[in-house]
Amino acid sequence: MDPYSAEGELINIHSAFHQGQYQEVVNFDTSALSSENAIPARVLKLRAQIALGQARNVFDEVKGESEPELQAVAAYAQLSLGKTDDAVSAIEKLTAENSDNATVQVLGGIVLQAAGKSDEALNLLGMHQGSLDAVALIVQIHLQLNRSDLALKEVSAARRWAQDSLLVNLAESWVGLRVGGDKYQQAFYVFEELAQAPSTSTVFSLVSQAVSELHLGRTEEATAALEQAVQKDPEYSEAIANMIVLSVITGKDPEEYVATLKKVKPNHAFLSDLEEKSVLFDKAATKYHPKITA
Amino acid sequence: MTSSGMLTKFESKSSRAKGIAFHPKRPWILVSLHSSTIQLWDYRMGTLIDRFEEHDGPVRGIDFHNTQPLFVSGGDDYKIKVWSYQTRRCLFTLNGHLDYVRTVFFHHELPWILSASDDQTIRIWNWQNRSLICTMTGHNHYAMCAQFHPKDDLVVSASLDQSVRVWDISGLRKKHSAPTSTMSFENQIDRANANQTDMFGNTDAVVKFVLEGHDRGVNWVAFHPTMPLIVSAGDDRLVKLWRMSETKAWEVDTCRGHFQNASGCLFHPHQDLILSVGEDKTIRVWDLNKRNSVQSFKRENDRFWVIAAHPEINLFAAGHDNGVMVFKLERERPASTVYQNNLFYITKEKHVKSYDFQKNVESPTLLSLKKFGSPWIPPRTLSYNPAERSILVTSAADGGSYELVNLPRDGSGAIEPTDSRRGTGNSAIFVARNRFAILNTSSQTIDIKDLSNNVTRSFKPPIGTTDIYFGGTGNLLILTPTAIHLYDIQQKKSTAEFAVNGVKYVVWSNDGLYAALLSKHNVTIVSKSLEQMCTLHETIRIKSATWDDTGVLLYSTLNHVKYTLLNGDNGIVRTLDQTVYLVKVKGRNVYCLDRSAKAKILTIDPTEYRFKMSLVRRNYEEMLHIIRTSSLVGQSIIAYLQKKGYPEIALQFVQDPTTRIELAIECGNLDVALEMAKQLDKPKLWSRLSTEALAHGNHQIVEMCYQKLKQFDKLSFLYLVTGDHNKLSRMAKIAEHRGDFTARFQNALYLGEVEDRIQMFKEIDLYPLAYMTAKANGLEEECQTMLEATGLTEEELSMPTIGQPLKPPKAVIPTHKANWPTKATSQSVFEKALLGQMEGLSIEDEPVAANGFADDDVDGGAKDVMMAEGGDDDDAAGWDMGDDIVPEIESSFVNVDSTEAGGPASSEADMWARNSPLAVDHVAGGSFESSMQLLNRQVGAVNFAPLKPRFLEVYQASKTYLPASSGLPPLVNYVRRTIDETDVRKVLPVIPRDLEYLATNDLQRGYDAMKGNKLEEGLRIFRGILHAVLINAVGSDSEVDEAKKLISSASEYAVAMSIELERRKLGSNEAMLKDPKLLKQSLELSAYFTIPKIQVPHRQLALFAAMNWAMKAKNYSSALSFANRILANGQSNKISEAARKYKPQLERNPSDAIEIEFDQFAEFEICAASHTPIYSGTSFEQCTFDGAKYHSKYKGTLCTVCEVCEVGKSGSGLKLFA
């Protein structure tokens, strides 16, 4: 039986992880779990720790471990520490022998994708045997490659065998935000449900809700949700990044948030992208001159 | 007289049938039996629908209600029962009769039932309130039959007391009709009283006439449907006809013939005939006018008890000792024949008419055949001789007779034939211009006669010949019950024979190549040499058939028009509400004759059979035409195409991928199959596709399939046979990764890598094998190492003989580089033609094409690109069809591990630039270069630096960051202003600070700055507005106008503010007052400050400042002009008060201390660069974007207002709305 399924032992910790409740995951009592679920639960805990910014500790913890799962976690931790090349080579080594290990697939997929090796990542993840984590990653990678058609296909396939799973709902919403139209509203419902229930409300879900509202053109609601998120975690970079976008859309000055973002996550995509475009602008602008300069 | 004309349509076997009733609409008949059962039959299908058994003892009376789903029965149990045939049960029972109930009938409009009983009464019941409303007494023996008059308030009854009585029941109707609301009190009293008088007897129903004449009991009596006639049948074996007037009734005549009790009789509903039945086992037909017997039919053993007529159609039913027979008196098929565009037919009045199919008109009567045959027997067949314009008519009368007559050249009324030739014979047809054939069935001879009716030739046809038909020149088709023969008249012998049962009609196709043989339930199509093409069976009777010009046979059954192709494909064309006889098909019109011998046109949709026909004939143009023009798409046609082996055509109809792939594989269209397989991505499909592709030699697709299926072994072998050494090596590596030793060994073998094999054997501790391998390949050193490692010597080993080392063959031709050459085209003509039509649908690679365009973007004009995309879409698409698929496949082949074809696609941001000709959408999409290009072309923008904040603002607003999987960067989504749009080719980005926002926020801030005298800030704000509008989009044309207003307004403010700012830069007021040159300049600028068209309150400010400054400089004349203008603006506030105050002083001294260049009366505008007047009439240059004016010398400089555009550079104008 799939330990992550509704009846499985890991459903709670798994859901918590994917709702961004990382501290809850770390605090999760795993002592009662059956032995075969111990490793996956530990992996989830370790991933949550990494997500909470404790990659160094995690790496130290699993450095010498022999289980492929933990080795994958080690590689993933390295990635989080910025040692992308080391992470990739570790993963490549690992996948050569353990390509059918679900954890290796998922973490390997993340590492490879993060290193820009989307094809390899997709190949690795494509070997999954009914792992929703893998599906979600595949969907995300497809979306990052702007192949929403493939993403949609992946989601609808998954929906067939894992109908009501949280991850499928999330993945579908991710696709929905690309597709737009009615799908915006559907995605909003999914995120809102998570964000508004006290037990599942996290910065993660609040930001997701805000993003869907933003796409729906409901700027006021989006602002409220984002402010809530910023309140929860003033250093959550996605909340700040989206706050910038929202400020710009509503005609406000985003400088304050830009400064904050520069502080919390100087390498955020928004900033690097903006920098890149700024350079591009300057370069492009040089092509034009008035005939006569005063 | 024989029963020749009577046609039995249905017969049932049962116990004695005592009562019969036809359903008025459906082909149903109710039969009440002596055995107490009531049967409901479908006489058309010959099936027993239902049985009703609640009566005790014989059931004699039965009747259908003519509108409700009800029927009534009366039996020997004294009961009258009303039934619903829908719920199939007895609704209620009417009790009251004290003896057998003989007949029961519904009233045609009132809710009444009339019953006659052996208790000598006739009763009327109301079946709605289920009560007895009238009892008619008077008969002094059994009342055998009683019927309502079809229209009047009359009842007729027959009794064994030998009388027939006519009753007037108008009183009953009056009493039971609903009281009207206007009824007076007196009327109500009358009405009540009238009821009371009832107690004395039958004032409701009074005997009107008593008809005496039968000298035995009378069994049956009936009204004529329209005339005041009554017919009765009695035990005196007589059928009597009575007539009545208002006041009296009398016997008209007697029909004598029955030689036993006459048990039933009735009037023919449409014809002047009487029908009667009797215990002498006969049905007799009498001429109403002559009272002579017209026809009679005798049954061997069964006495007849009852007869009934269908109210509408020509059908009768008679009940006898062993069941019921349904029959008609005569054939209703009008004799007809078609020659070219004319139909010749004989009407019910025995008039010969023709009908022109081209003009759709009926001719007047050409000829009357009144005298031919028997008056009650219609002609059977008609044969036409165009050469002589003569017809040959046969009739069943007198044991079969024919008549040959010439048709008059023009019909001019009912003309009796002047010159006719007659003879006896059952069938007569023209076989040549001057010859016709006569079949005599009784003597079994066929005579060939000339037009003078002389026999030229005579012969014996095959035994049992029933009919003859034309069989092609010099030939006859001879029909026997079990076969048809093609008979050569010259040779007098049968040249071909085809065994087929019961053929009644033969219909030749228009080209004479095929004949349709119709029997009761079968259609058989044979060629002209009697080879069977197809045969089909119908459960319902086949009535007629005719051929379409394209060789499709249309045939009619009792209720359908159907078609069949020569190959036996058939289907329904339309339904019929009445039986018709098809004579001709032309386009969408089917011509036919109905039973009243009227020509009719039925419209049909021939699409289906035409499509199938063109499919059979591979007439693709026609098919294409049908597909284009009709809505012929459906599961059935697809299934049909597939079944018929045209999957490639069916493919064109199908959208559903599952079906498509099936069809594509079936017809070997690998490209489509691959496309669909990718879409569906199911192992089963991949495996099917691989088999098919392998058969085609398309190993690239095979490779892909194996990859999808992860069939490593097969992949390895494929690489081996195609000589793809590189990939084979990769497979070896993969096998190693997978830890699959068998696969590794296999690959090593394929690759000829001995070391690897040895290494592998060693890894899995198979040293003997490793040693052997090394030895066999002469790797002595390796052998030595192994021996040392295992501590053995060579001598200790016993080795088999080792032959030549195994060397895998090297591929001579690099097959892997290209697919096996296949036949160039598997596309049918049809497919090609169709592809031309459908390419629009099957384009999936448009982005690729668009990419090409996007690259052009940089060089060419973006605007042109948009145009090109719109306009040339189709051409470009047509092109992609062939070329794009192949490279895509190849690219994924290179990557063994690739699971998905195709790399990243272009993002939505890229789409925006493609979707829109607006600069702002390019900016949002990050396509800064193209947007700059657009702006340069539209408004002559050359200095983009000031636009940078706006560019980045728009760009920043375009994307959101959705946190997704932990560990990966957030998902970027693109914010749209087209929120409801999902078509990526139509989506457009969100625009921060749109027009509305600018008007309500920035503009107000600008005004505030003006009011607050914060001119630097104001100038910045207004420039900002200009920049924001420049990079913007609006939703409608009216908004475009608003945007233009905003631009010019902002521009005016910017000019005004910069003028004043320049003046302030000159120095402090004190300093200026000291320097006349500065003062002059300052005065001029302050005057010019009043010129731009800014809002009135703001203009007042400018005027006020100018006035004050002018006064300070003692330029009273100018000051006065400003004061006047302030007052002219007509607002009352501090400024105008001041102006009013100063005005008198100024008027006293209207002179200027310093001459300035400001003509208060001249019309001029201010040059935005030099801030000097541009008088009207002098040439000037403008900024294309903001409309600021400049002296001509500033052409080519940067606009000082917007600081973006080049002055005087022409452009297409700012585009804000696509």
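Glycine is no exception: its Cβ is also placed from the backbone N, Cα and C atoms.
Note that TrEMBL annotation is computational and uncurated.
As recorded in TrEMBL, the features of this protein are as follows:
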- B:349-594: domain 'COPA/B second beta-propeller' (DOMAIN)
- B:634-776: domain 'COPA/B TPR' (DOMAIN)
- B:849-1216: domain 'Coatomer alpha subunit C-terminal' (DOMAIN)
- B:52-93: repeat 'WD' (REPEAT)
- B:94-135: repeat 'WD' (REPEAT)
- B:136-177: repeat 'WD' (REPEAT)
- B:211-252: repeat 'WD' (REPEAT)
- B:255-296: repeat 'WD' (REPEAT)
Residues in the repeat 'WD' (B:94-135) grouped by DSSP into helix, strand and remaining coil = 0 helix, 23 strand, 19 coil
Looking only at the repeat 'WD' (B:211-252), what are its DSSP counts of helix, strand and coil residues?
-> 0 helix, 25 strand, 17 coil
State the residues, same chain only, that lie 6 or more residues beyond the ends of the repeat 'WD' (B:136-177) and have a CB under 8 A from a CB inside it; answer 'none' if no residue qualifies.
-> 99-100, 102-103, 105, 107-108, 110, 112, 114-124, 126, 191, 194-195, 201-223, 225, 230, 232, 234-235, 242, 244, 249
So what's the average pLDDT for the domain 'COPA/B second beta-propeller' (B:349-594)?
-> 85
How many helix, strand and coil residues does the domain 'COPA/B TPR' (B:634-776) contain under DSSP?
-> 115 helix, 0 strand, 28 coil
Checked against DSSP, the composition of the repeat 'WD' (B:255-296) is 0 helix, 24 strand, 18 coil
